[in-house]
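Chemist: So Swiss-Prot lists the following for this protein:
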BINDING   Ser112, Leu113, Leu114, Pro115  (6S)-5,6,7,8-tetrahydrofolate binding site
Amino acid sequence: MVLRLSFMGTPDFSVPILQALLDAGHDIAAVYSQPPRPAGRRGLKLIPSPVQNLAKAKSIPVFTPQTLKTAEQQTKFTELAVDVAIVVAYGLLLPKTILETPRFGCFNAHASLLPRWRGAAPIQRAIMAGDKETGMTIMKMDEGLDTGPIALSCAIPITDNTTTNELAHKLSHIGADLMIEMLSALEKGQLKLTAQSGENITYASKIKKEETRIDWTKPAEFIHRYIRALSPFPGCWCNMNIAGREERVKILGSRLTTRPSLEIGRIEKGPDSLLIHCGQGCLEVTYLQRSGGKVLECATFLQGAHISAVF
């Protein structure tokens, strides 16, 4: 049995799964993605999503509606007559009509071990919380927020230095393998679904702007987790006194040290190192970015920046 699919996704994270479906020879009737976004200083140029770019390169019809709640969009989706909809970080709510249209339903690749970290930012929240593992889950979607029954999952460790960027890369490729495995089982009539546990339920809310500012009164381990979770985007930041001027600087890389903290916000500079005293322990800064500048290793950053204080 050859399944007719639609694919719904938007960012880079979704691309490996779409590519895997194409490489496996699946029939993809259409791709749905978020509308092109304004870019450039004046916002005059519209940039298609990474998923839209791949779909166009493969001559697959692409739809970019603002919503799927209208009768017009739901009719258009119904006319595709797909067996399965694959959803990966699409970014739009799927109403009940859409969920029930595909013959076998809609399946989502979610970057956590459900039911832990349901919601918008599962990778970041897992790192922020200090979780030692996370994973990828393929689930059949229902009307709830990531509450549907689980088809497959795979766990991977989170180390003390894992960043969101690194984890997203690994999980997207794991998700690609799981999605191919899931579709193979579905085609053979062998797919088994398991209801999610009612225990260990947590929610991964969107990252708020106020969470991105570093609070040096927190323990070094806490700050290190946030820097890793928010790197490279949106990035953690603090104010620095550089050559007598206050500047906002992003800290995009750090290392834990064994040094005890002597005074919150105290800085120790070496020829190529920057150590900042936190509420508990000290943090070594490894990558920084001034406003409008490039991401630099600490040694390079210090060559052009005389830092006298952080706050």
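Just so you know, glycine gets a Cβ as well, placed from its N, Cα and C.
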Chemist: Using the centroid of the Cβ atoms of Ser112, Leu113, Leu114, Pro115 as reference, list every other same-chain residue with Cβ within 8 Å of it (recorded (6S)-5,6,7,8-tetrahydrofolate site), in sequence order.
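Modeler: Surrounding the site, in chain order, are His110, Arg116, Trp117, Arg118, Pro122, Gly135, Thr137, Asp146, Ser153, Gln196, Asn200.
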Chemist: Which is it, of Leu113, Leu114: the one of these binding-site residues whose Cβ has the most other Cβ atoms within 10 Å?
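Modeler: Going through Leu113, Leu114 one by one, the largest Cβ count within 10 Å is at Leu114.
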Chemist: When you measure from the Cβ of Ser112 ((6S)-5,6,7,8-tetrahydrofolate binding site), which residues in the chain that are at least 6 apart have a Cβ under 8 Å away?
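Modeler: Spatial neighbours, sequence-distant, of Ser112 ((6S)-5,6,7,8-tetrahydrofolate binding site): Arg118, Pro122, Ile123, Ala126, Thr134, Gly135, Met136, Thr137, Ala204.
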Chemist: I'd like the number of other C-beta atoms within 10 A of the C-beta of Pro115 ((6S)-5,6,7,8-tetrahydrofolate binding site), please.
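Modeler: Summing over all protein chains shown, Pro115 ((6S)-5,6,7,8-tetrahydrofolate binding site) has 19 other Cβ atoms within 10 Å.
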